[in-house]
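**Student:** Provided herewith is a single structure, encoded as structure tokens, for subsequent inquiry.
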Amino acid sequence: MSKHSVKNRSSNASKNKKPIKFEVLQAPQKSERDLKEYKVIKLENGLTACLISDVLQEAAGDNESSDEDYGDTDSDCETESDEELEEEEDEAVCSGDEEDCMKKVSEAKQKMAATALCIGVGSFSDPKEVPGMAHFLEHMVFMGSEKYPKENDFDKFITKRGGSDNASTDCETTTFYFECLEKYLEKSLDKFAQFFVSPLLKKTSMTREREAIDSEFQMAIPSDSYRKEQLLTSFFNPSVPVNQFSWGNLITLKDNVDDDKLYKALHEFRKRHYSAHRMTLCIQARLPMETLQNFVMEYFSNVPSNQLLPDNFKQYSDKIYDTEMFNKIYYIIPMKNVVQVDLIWALPSLLHLYKSKPHQYISWLLGDEGKGSLMSYLRKKVWAMAIYTGNGETGSEHNSMYAYFTINLVLTEKGLEHFEELVTAVFAYINLLRKVGPQERIFKEIQTVEQTSFTFADEKLACDMVESVSENMQFYPSTDYLTGSELYFEYKPDDIQMVLNYLRPDKMNVMVMSNNMPAEIHCDQEEPWFKTQFAEKDIPNKWLETWTNVEPYPEFSLPSPNRFLTTNFSLLPKTGTNPEYPVKVLDNSKVELWYKVDEKFDTPTAFYFYNLISPIAMESPTNATMMDMFISLLTMQITEEAYPAQVADLQYTFSVSDKGMSIKMNGFDEKLPILLELITEYLVRVAENMTVEMFNAVKQSMIMIYHNKYLKPSNLNKDMRLSLLLSLYWTSLEKREAVDKVDFDMMKTFAKSFLKNLYIQALIQGNVTEKVAVEATQKLIETIGYDVIMPSTYPKIRVVEMPKEEHCLRVMSFNPEDCNSYVTNYYQSGPFSVKNSVIIDLIMMIIEEPLFDVLRTKEQLGYNVFCALRDTFGILGFSITVNTQATKHTTGHIDGRIEAFCKHVQKLLKKMTDKKFNQFKRDLIKVKQCSDTLLKEEVSRHWNEIISRDYMFNRVKLEIKAIEELKASEMKKFWEEHCTHGNRNNLKKLTIQVIGHKSKETAVAPTPNNYNLNLISDLKEWKELPNEDYYIRNIEQFKHNLYLYPSKSSQNVH
């Protein structure tokens, strides 16, 4: 490393400041295709920063970044009002004619800049008496600094300028991050850095942030994965000083501690742990490296450092799970309808073995789904539907104390009945790995796949990049910031053998989740935080003996060499005449194929997208259910043969679309046509390959899926909204009722009938020739051998025009243990026009920050608060959503507060100056012009145009033109007409309210023969109803006499 001492040349640096000393560390190893420049510096206070300048990357394309746009805001003007600052920024953006300025902005492609700061402290360090302290401090930090004392000042600044910010607390790290338009990076960094230089942490902010944390916790309670994680944490050795409840809630942050003590502990925790020498910073922007370096020195050199050592959790590595509670079977009652088994081992920390990644080598083999694999065996037995192995590399799974190794199996009911035999099969495969030992061939294949993936990886979004790098900086040397978590550097068979030696039955924890436990199991214990019901049992010695001594099954073998591995990574020659948008190269009554060769992203990859439209797919709830089952059956049947393709980075997905199903493939282009042939062969043989056992397993899986969907308030809310708005939409409740009627013969008939009459929409884009694209598609058509769809039977989805005024659909949630209520106020506008869509876009941009500030921060109505433009099959609208808790607020109160906010917005828009309005326009244009970082982003936009049949490939250009021409009076008039507090000329409001449960007794759970909604109309809360038919008491009756907008080919439903 080299040492430097330079003057800060930042545009806002004082000329008389002393030189700031820093060290330059070795730069990270990067892919040869990565044109970004990297530099790592360490400041005198110990803060380490990784600077990412993608000026070279931009120079390789058509975008240019001017340094003139940066550093125009004066860091010494913090005493001025926000309004004055914004006006100065407006001047900096445009000092000439407004119209000329708008055109200049719209001509330049934009890209987000991003910053993340990670601190080496997390929930493990919480004081025992205040669980949730690290999470609480993460929230409180955002509540202002000495330099910028206003609460939510930073969030307001960022969101008003098209950006976003967030933070997360893990077990040993806390990460803060934001993205913004590059012009505002310097001012954003100044505000951001102050959180760590001199945060206020006001006592008056504690009440609101405690409520936010409690709401976040209440939202997590229904999650079975979080419940499982918390139960596992409760097995920690109680003598180890490690926090066992990371979330925090009103009990830990209010009931169990007085405000004075909490306030003092909060400040002590920050002073102890939020020290510069434990901070890692990453910044990415299209700016020269020197500029980024100066920003860091200017704004982060004053972050205080105490030089105290962090908590040493490594010393507890052999004690944390040295407890009888771990090595047992736990039977758990889940919130959802699931059948799962987790086999969990707690290994010593493996962080130092990142170069050999022994646990990932074993996970690769145990998680294999190809021929000779454990999953292939279990799937043929119809015991399991899915397998997940290893760990997610999160702080709760892999840290300085321990590393979990988990085998998670999603079972069928039959699999649970054969539990002992199923686990025996798992150990038969583990014992195969012991018997054959580590295999260098396998390791080298993994190494090759991961190296190839790294070399040709899609460029990450800047916000994702800085977040992951800042966290990696806590664990790896500077040379490995980019590669440490991705590559396999060295083959260490002893490391692999060490991990294998830990995978013993007597060292294992078992978790069984099911709503149908064996009769002898009584889940009479309760985890104190999530209230998870469970039973604890010793693992029978007979089972342990069987699992220990089982020999490898003859059906098991290691994976064969992978035929899907790409060997040709060459790029097609550039023509210089490539059209800007896809071109239709096949067009007849059976198919439309759109094609575009990629000459922008220079990657040897391609995307093959197909949408199979059928007249029968969605004609009834029963058919919609069988469409879902068809997808599951196809997935189940093809996995063994297609799994090697996924390993080779060729991805495929099957999903139900609005009028049929979609097939999507992407990856290295060389072998994609082979994969498409394989998929097509299995597609036409679904009925032929289906067995009764397979059908029963898929049917049972669908029952669980539908049940779990309507249990979640947000899903039920969406179902209710779309059921009211669409002429053809089947809810998860309707499909749950229908699935009971589906039998084997019906499914077989449907699988054949679905493929008889089709219309296929297709897009092939990337490093692929037109000839290959056309031939691959023609082969698919020939193999399926379908007939055309008659025009009279082509599926149509129409949207209901909501009647004027206000209407409410209020329904009880189905989950008796979920207190979450979900309120969405939807305001329908009318048929799509570019002008109206950008008006709504602009309004959503304007209200996003005040909505968060008023409804979440100030009024504490809920943790999840947001607004959104809605384009529902070509009918525009917008919505405001609040996720609250029934224990805190009624849904009627939430609706009232949303309306009060809308009244506030009306005043805000009326007062808005032309200067501010034009600034919002410029920022929206910049957001629209953010250049695609990934080929898949461009492909996704093109695909949406095709499946909607809008074919408006130049949509962004049209939107920018409409924004340029938009007048403030037009925006204000739109809001006035659609708002309850305006002239109500076009007010068509629908409030969907899903009510959570204050107690279990209020729940009305669906029975096998009754899936009726519990619709509620509470007349007591109104002095006078907004209108006579305000409450919707029957959805079909309500829709019956309403006008349907003319049929339009659909946009995807948002």
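Cβ atoms are placed via backbone N, Cα and C, with glycine included.
Feature annotation from TrEMBL assigns region 'Disordered' to 1-26, 58-96. TrEMBL lists 64-96 with the feature compositional bias 'Acidic residues'. According to TrEMBL, the domain 'Peptidase M16 N-terminal' annotation covers 107-238. For 263-447, the entry in TrEMBL reads domain 'Peptidase M16 C-terminal'. Taken from TrEMBL, the feature domain 'Peptidase M16 middle/third' covers 454-737. According to TrEMBL, the domain 'Coenzyme PQQ synthesis protein F-like C-terminal lobe' annotation covers 842-943.
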**Student:** Need a quick answer: max count of Cβ pairs under 8 Å to the domain 'Coenzyme PQQ synthesis protein F-like C-terminal lobe' (842-943), which of 107-238, 263-447, 454-737 is it?
**Tutor:** 107-238
**Student:** Within the domain 'Coenzyme PQQ synthesis protein F-like C-terminal lobe' (842-943), how many residues are helix, strand or coil going by DSSP?
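**Tutor:** For that range the per-state counts are 62 helix, 21 strand, 19 coil.
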**Student:** Can you count helix, strand and coil residues in the domain 'Peptidase M16 N-terminal' (107-238) using DSSP?
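**Tutor:** So the counts come to 64 helix, 25 strand, 43 coil.
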**Student:** Find the average pLDDT over the domain 'Peptidase M16 C-terminal' (263-447) in the predicted model and report it.
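**Tutor:** Here the predicted model's pLDDT, averaged over the domain 'Peptidase M16 C-terminal' (263-447), is 97.
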